[in-house]
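For reference, the structure is listed below as structure tokens.
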Amino acid sequence: MNSVEIDRQNSDEFKDLLQKHKSREKKNPVRKNYQQYMDIKAARRVSERTQKSVYDRLRGGPVNNVCSFWLAGRCTKSPCRFLHPESPPSQPPNPSQYRHSKTWQRGPNNTVKNSSISPSERAHLHSWFSGNGFSLLANLEGHNKAVTGIALPSGSNKLYSGGKDKTLRVWDCNSGQCVGVVDLLAEIGSVISEGPWVFVGLPNTVKAWNTQALTDFTLNGPVGQVYAMALGNDMLFVGTQDGTILAWKSNSQSNCPELAALLKGHSHGVVSLVIGADRLYSGSMDNTIRVWDLNTFKCTQTLIGHTGVVMSVLCWESCLLSCSLDGTIKVWVATDGGDLEVTYTHKEDDGVLALCGIHDAEAKPILLCSCNDDSVRLYDLPLFTERGRLFAKQEVRAIQIGPGGLFFTGDATGQLVVWKLAGESSSVVAAS
């Protein structure tokens, strides 16, 4: 997702919204220590960083207003001063906004060195990184537009990636070479896998392939692009552009799922889904998170706290983590009454696009956090201590975890990168 243009004319309105948001947070103080919900002992070093106000970080404008005409498919303005979540920025970024003093590029043998990289030079570089404890294994090139989903089916030596270039690519995990391309004739909104199955979200459709039995099926019914999918309780949940979540139940006789329920409540598109503890959590362009009971398909709670599109939701331990274009990551925990409330808010300087969790060789949890400044932060939890950053040509929209400390990132240029945590043995992907 590209950086969002600032609408400076509405700065007063944004200030009022920010003041109301701060007042609401004061009425809901943290009731419990966030650390008690994470069953680990993290290094107690807190990174020193200058705390900027939300207004300063967003540079004075309401960046999170989604264009209602775009949601209806009728916006004809180019550029448009409101957010088009699937479109490029309406004007190029200001070169003065780049931090030239703290950039790195990859040298021979994947070593890292400091350098001053201008925005024009950045386009000619591959991925690079700063920090210790992980390394770059391979750059997989083939997509010519944004990578929107990555999947690694169990029992397979193939990696699958989908993008806005309308192709699903198949990569050999031993050689790192692309061994197959499926032209789907439409932009891919999401890709997930469960067992041997690979599911691909498309406009008005979900396609599925069994990589072992070599069978497939197609599900029709979604309205608009399929932005998110999740699997659990023998069900496939699909989040769509019109704000509906469709639930399909597996059918052992026909080997094709049957539509079981329509979950309605969001007013705008559903862009993130995750399942945890018999609950489905959905993040939306309407800035809210909804909690759904998997047995009744009823919404049991609406989480209000973000002031921008909720881009990703993640269940980890007894916590729910969410991130938004408002530049925050929120940690939600259950109260004694069972409802979720915010117990910690982590602030970034840019909008947050995606979250993913992984454990290092010592079983310590690491949060991967993709931001609108074309980087991915690696945080040690629960203290959010930064251990490193990955840099890409453009923003990273897809992150996926693999075995043996492997993880994969896909950016808006179409580049797919394979990374590996130190101390983990792996023979899945060779360097190319």
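Cβ atoms here come from the backbone N, Cα and C positions, even for glycine.
Annotations in TrEMBL come from automatic prediction, not curation.
The feature zinc finger is assigned by TrEMBL to 61-87.
Summarising the annotation, TrEMBL assigns domain 'C3H1-type' to 61-87.
What TrEMBL lists as region 'Disordered' is 85-117.
Residues or ranges marked as compositional bias 'Pro residues' in TrEMBL: 86-95.
Sequence annotations record features per position, and here TrEMBL assigns compositional bias 'Polar residues' to 104-117.
Feature annotation from TrEMBL assigns repeat 'WD' to 140-181 (among others). Note on the repeat 'WD' (140-181): residues 187-193, 195-201, 211-212, 394, 397-400, 402-403, 408, 410-418, 428-432 of its chain, located 6 or more positions outside it, place their CB under 8 angstroms from a CB of the stretch.
Taking H, G and I as helix, E and B as strand and the rest as coil, DSSP gives the repeat 'WD' (263-302) the counts 0 helix, 24 strand, 16 coil. Taken from TrEMBL, the feature repeat 'WD' covers 263-302 (among others).
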Item to complete: Please list, for the repeat 'WD' (140-181), how many residues fall into helix, strand and coil according to DSSP.
Response: 0 helix, 22 strand, 20 coil
